[in-house]
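According to TrEMBL, the protein carries these features:
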type	residues	note
SIGNAL	1-26	signal peptide
DOMAIN	173-394	domain 'Peptidase S8/S53'
ACT_SITE	Asp175	active site, charge relay system
ACT_SITE	His207	active site, charge relay system
ACT_SITE	Ser361	active site, charge relay system
Amino acid sequence: MTAMPAAAAPLLLLLVLAALIVTAASDSLPPPQRWIVALKPDTAVADLLARLAPLGLALQQHPQSSIISIPPAWRAAVIEPVPQAVAAVEHTAVSLSTALSAVAFRVEEDKVINVAAPFGVGAAPPPNACVSTELNPVNWGLDRIDQPTLPLNSEYAYPCLPETKSASIVHYVLDTGIYLEHNEFEGRARWGTNVVANSTDTDENGHGTFVSGIIGGKTYGVYKAAQLVAVKALNAAGSGTISDVLRGLDWIAAQGTGGGAAIINMSVGGLFNSILNEAVERIIALGFTVVAAAGNFAIDACLVSPASARGSITVGATNITDELAYYSDTGPCIDLLAPGTGITSAFIGSPDASTTRSGTSFSAPHVSGLLGLYAATTGKTSTADLRAELRARAVKDVIKIPVTATRTPNLLAQVWGP
């Protein structure tokens, strides 16, 4: 994002959004009483536990650690009532922030987070460029991001890729997992980690596979040499918890960037959460590039996390007629736009499965793929350099944006630049 969070939405709107999120929840989602505690740097776990015990609280029982860390010094703890105290414990994030003020900066509820999908100057390739061309791309988004204006020309033209695939350009897909056996990935997708309790190491939903296909599928993908890593933080219903997303970020941070382009695609979202945003900001400071879906509530993206995290590249959605998608979140926290409506990509079920879907979930991976393509063809790998490439290449003022969303940047992501 490029702006600070906006003022709170009207109370009625927030209540409606909260109801929508709860409706989408599955049985594996958190109980009403679970919190995330942003710890002070010098807080010892023993000290935290000593302060939790009189409150009837303890660390969450989870297969992964309930102490989450992102170097050099950011830590958070996931806490919940001890089993025998559940009925008697009545806390709020505000009351716990006060009670734990000696060991914690802040406390937030561990809320539901879902897949972000509903249930510059553009230029042509320069005359001397080496160009690879895919005719009649199945994913129309590829046809749109290689040309500054309509009509589509039934081609996806992109820079010739180096013969040797770069191991220094890695795409982490923090999502529902990836169906590694899909033919789209040609062996370029691998399993990273699974932080979802009681789930298998595969994509049980299809969303993560679909997103990965847009980033780097041989047919549907923007960057057809992408090295894809599955970080499973959402369940078979496409839902999860903020704490599991934090665990996914913890694992990614531990991998390091290796001095290359380490791109995290986060096609997930929920209402604003300061601790999630802070974790995203910390991992960006480590050298990772984070691409976030704007969200599909048709509200200000500054009210959504991780879309509102400072330093993330937040992407809204367009349709095939160059209109802002009716569902796309809007506003100054968005960095640019990309195709998101009626997108076709890989799916689960068989090695050649595909489907068509809409959402800002699918705008974000177009941009993630572009970042990999830029890194492979220019040698630029830092977040600052890749963001600058995005802005320099984006075509301005070609998307029809309604007057109610005029604070949304009118920038459409592009392959080619001046």
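The backbone N, Cα and C atoms fix where each Cβ goes, glycine too.
Those TrEMBL annotations? Automatic predictions, nothing curated.
Keep in mind the model is a prediction, meaning the values are calculated, not measured.
Ranked by how many other Cβ atoms sit within 10 Å of their Cβ, the active-site residues Asp175, His207, Ser361 place His207 at the bottom.
On the 0 to 100 pLDDT scale, the domain 'Peptidase S8/S53' (173-394) averages 98 in this prediction. Separation of the C-alpha atoms of Asp175 (active site, charge relay system) and His207 (active site, charge relay system): 7 Å, rounded to the nearest whole number. Note: the CA-CA distance between His207 (active site, charge relay system) and Ser361 (active site, charge relay system) rounds to 9 Å.
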